[in-house]
Amino acid sequence: MLSESEIHAIDHEVSLVPHKKAAVIEALKVVQQHHGWVSDEKLEEVAAYLDMSPAEVDSVATFYNLIFRKPVGRHVILLCDSISCYVMGYKKLYEALHEHLHIKFGETTPDGRFTLLPNACLGCCDHAPALMVGEDLYRDVQVQDLENILAQYK
Amino acid sequence: MEKPLTQHINLQQPLSLKEYEAKGGYSAVRKALKMTPQEVQKMVQESNLKGRGGAGFNTGMKWSFVPMGENAPHPKYLVANADEMEPGTFKDRLLLEGHPHQLIEGMIVAAYAIQADISYVFLRWAYKKAAALIRKSIAEAYEAGYLGNDILGSGWSLQMHLHTGVGRYMCGEETALLNALEGKRATPRAKPPFPQISGLFGKPTIVNNVETFCCIPHIVNNGADWFKGLSKSEDAGTKIYGVSGKVNRPGAWELPMGVTVRELIEEHAGGMKNGYKIRGILPGGASTDFLTVDHLDVKMDFKSVAAAGSRMGTGTMIVMDDATCPVGFVHNLQHFFAQESCGWCTPCREGLPWVERILLSIEKGEGRTEDLELLQMHAQFLGPGNTFCALAPGAMEPLQSALKYFRDDFERHIHQKGCPY
């Protein structure tokens, strides 16, 4: 069941748009804020609440790369793999993260601490390479900085 | 040299509404409200402001297609495209994080010019700092009476909301952006009808880039001729240019429209880092054709870059140095475009992954001579006129120009069966 606070937040989003369906992305964001990801069960509940079919909601959910349809770790690392970060050596950061955390892109550490994902251009090209951990942005990142960055996230 | 857009930029502590007002902020709203909406449109059209998101269409002209008058459909919408995601582009981040009230003021004036009722800032998810600043600035503008009902006693009302996206490059395409705002998959829409006639929820809608809106208050305050006079070329105004790659001082700077590529790289970006030479330049983001060292004296304006065989795009350039493999570089770009294709039309959905795989096989030393013809063929099949939107044609620009300028590198990979870099 959608919790009271989820329903409250979704109702608010519905009130801002001309018809219920238009709030579906916002509703998925609400669910993800509460649970970290969007499970099949939650997706069906959102669909029922907005008078949509689960397939219709899933077509939207799977389109956007920051709606997670699989469980993710407590902290999601988004490593920019676009062109300026490519030129400035994001691959070295990837290799170091892989060595440190023993996970590849798309994987989560067994202790559920980190998920590692590639991300399209973070708009920090003048401070490449760049990455985000959760909502925090790190710029001009060098391999030797990684250990201190990761240590901040338990 | 005047720098209207960046004179008040402060990345540590952007101006509050009160501080901005003390420096003349929101005077453009007061001035515009004393003019007719058509007069504001005309002024912007005469200023020759061209869209700063990459397409370069005359902004006032774009507005002029919105139905006006008593019989016009309502609500009308106005949207700021702050979904900056073109690889290599970081100019709107500067404007959003350094001076959010300038954007809001520009949006209010633009909304008045088309008599919009509801406006959105469509901001990409990753710009967390900008989201907090815009939320705060919108609240301040409501409190001061620049937003809400009966703005400054004019009888005209405007609401403004912040919408944060959940990823996907496609959201930057204006009709796909409207689908995303409607809660749908961000696929492009057929045009016509154009958004000015039938946009968000089927109502008249204007979508403009952040930098475009930021020019508006200055045009209204100082006039069309002043704006034209800022430029060194036919295209009016200043431009936020940027340089990234292995240069000494990567960054973004507001400069007169029409500075040369050389001035940007050598003076503003401090030249190449020790030991590196320029091999190629993408002048305006990932979806623009390469320029080379032969083009350093090309002026960075819409017409001059086009005459050199590329596009100004976003005006934020990426420099490819001589230690970076052109095949790997172009593969990285095509990986991005293949991944970000929305899947709506076949040439893009099917073609881009093929291009990516061919490039990867060449990079790994498994390429065949005939692969170069295959890539060339794709550059035409996925080019202008064959797809729903500009994503695939944009993707083909760096590919076709890389095949032209760096063909030796592609051939060396094939003959040596490996990457020589």
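In case you wondered, yes, glycine gets a Cβ from its N, Cα and C as well.
Keep in mind it's a predicted model, so treat the numbers as computed, not measured.
Feature annotations, reproduced from TrEMBL:
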BINDING   A:C80, A:C85, A:C121, A:C125  [2Fe-2S] cluster binding site
Against chain B, in sequence order - binding-site residues A:C80, A:C85, A:C121, A:C125 with Cβ under 8 Å: A:C121, A:C125
Cβ contacts of A:C121 ([2Fe-2S] cluster binding site) (under 8 Å, same chain, 6 or more positions away): A:C80, A:S82, A:I83, A:S84, A:C85
Other C-beta atoms that fall within 10 angstroms of the C-beta of A:C125 ([2Fe-2S] cluster binding site): 35
Conformational class of A:C85 ([2Fe-2S] cluster binding site) under the three-state DSSP mapping: helix
C-beta crowding around A:C85 ([2Fe-2S] cluster binding site), within 10 angstroms: 28
Secondary-structure category, per DSSP, in which A:C121 ([2Fe-2S] cluster binding site) falls: coil
